[in-house]
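**Q** These came from TrEMBL, pasted as-is:
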- 12-32: transmembrane segment (TRANSMEM)
- 39-59: transmembrane segment (TRANSMEM)
- 106-127: transmembrane segment (TRANSMEM)
- 133-151: transmembrane segment (TRANSMEM)
- 172-190: transmembrane segment (TRANSMEM)
- 202-223: transmembrane segment (TRANSMEM)
- 235-254: transmembrane segment (TRANSMEM)
Amino acid sequence: AGQGGHAYLQEWLWWAGLLCMGVGEAANFAAYAFAPATLVTPLGALSVLVSAVLSSTFLNEQLNVHGKIGCILSILGSTVMVIHAPQEEEVSSLESMAEKLKDPGFIVFAVCVLVSSLLLIFVAGPRYGQSNVLVYVLVCSAIGSLSVSCVKGLGIALKELFSGKPVLKEPLGWVLLVCLVICISVQINYLNKALDIFNTSVVTPIYYVLFTTAVMTCSAILFKEWQHMVLDNSIGTISGFLTIVCGIFLLHAFRDMPFTPDLLPLFL
């Protein structure tokens, strides 16, 4: 994948993993339809935590003291974010969603994302993609912020469809679906490139932080989630997110360091 190949598409194990991720993202899809993206996306840190625990259980990977502290911090940060979660502006129909998408602030944001992604893919990628982990991860994160917006719109369309409205005749729903497929395809392609070139323990935390930051920025512009937040909720949301970031960093940055409680007196 790092050299531009797609041989992994012939591996059944890769497809099994992709299918499992698809089931998880379907649940994520449902969450985006009913809750603010600023709340849903950071809670994705719990998947990193669960994968670390499962790796320790089934793959015999050692979860050292740093990793256990990182797990605790991720749980605490997620709890704080749930308590101080922002409220997005109510969007109950595709017409309202269309008005949001026409907002000048979002249009400028989307254009900046697309231009920067094209520069990263065609200019920075060939030069620095093999040596700098940020190149491909930034592409995934930037495009991912747009895919979340598409998911939110499709969630609204599905709710209208189940309520009996003629959503299938609305062109916006189909446009969002096509954009979502394109965004997800780009994300999968460049995330596989990054994982093939660089260590997973490096890619995962960087991708989580950049992706979550991009999604929170996009949601703040599109759905005005932060517009009516009081100061303590704003501080709580940011503090919870930074706590999760610290937890993810500890969980992955020191995963190969042989540090156990028995060595603590020696370090002190």
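The backbone N, Cα and C atoms fix where each Cβ goes, glycine too.
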**Q** Rank 12-32, 172-190, 235-254 by Cβ pairs under 8 Å to the transmembrane segment (202-223) and hand me the top one.
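**A** Per the Cβ count, the answer is 235-254.
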**Q** Can you see whether the transmembrane segment (39-59) and the transmembrane segment (235-254) are touching - at least 3 CB pairs under 8 angstroms, only pairs 6 or more apart in sequence?
**A** yes
**Q** Under an 8 Å Cβ to Cβ limit, what residues of the same chain, 6 or more beyond the ends of the transmembrane segment (235-254), are close to it?
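**A** For the transmembrane segment (235-254), the sequence-distant neighbours (Cβ-Cβ under 8 Å, at least 6 residues beyond its ends) are 38, 42, 45, 48-49, 52, 64, 66-67, 69-81, 83-86, 201-202, 204-205, 208-209, 212, 216, 229.
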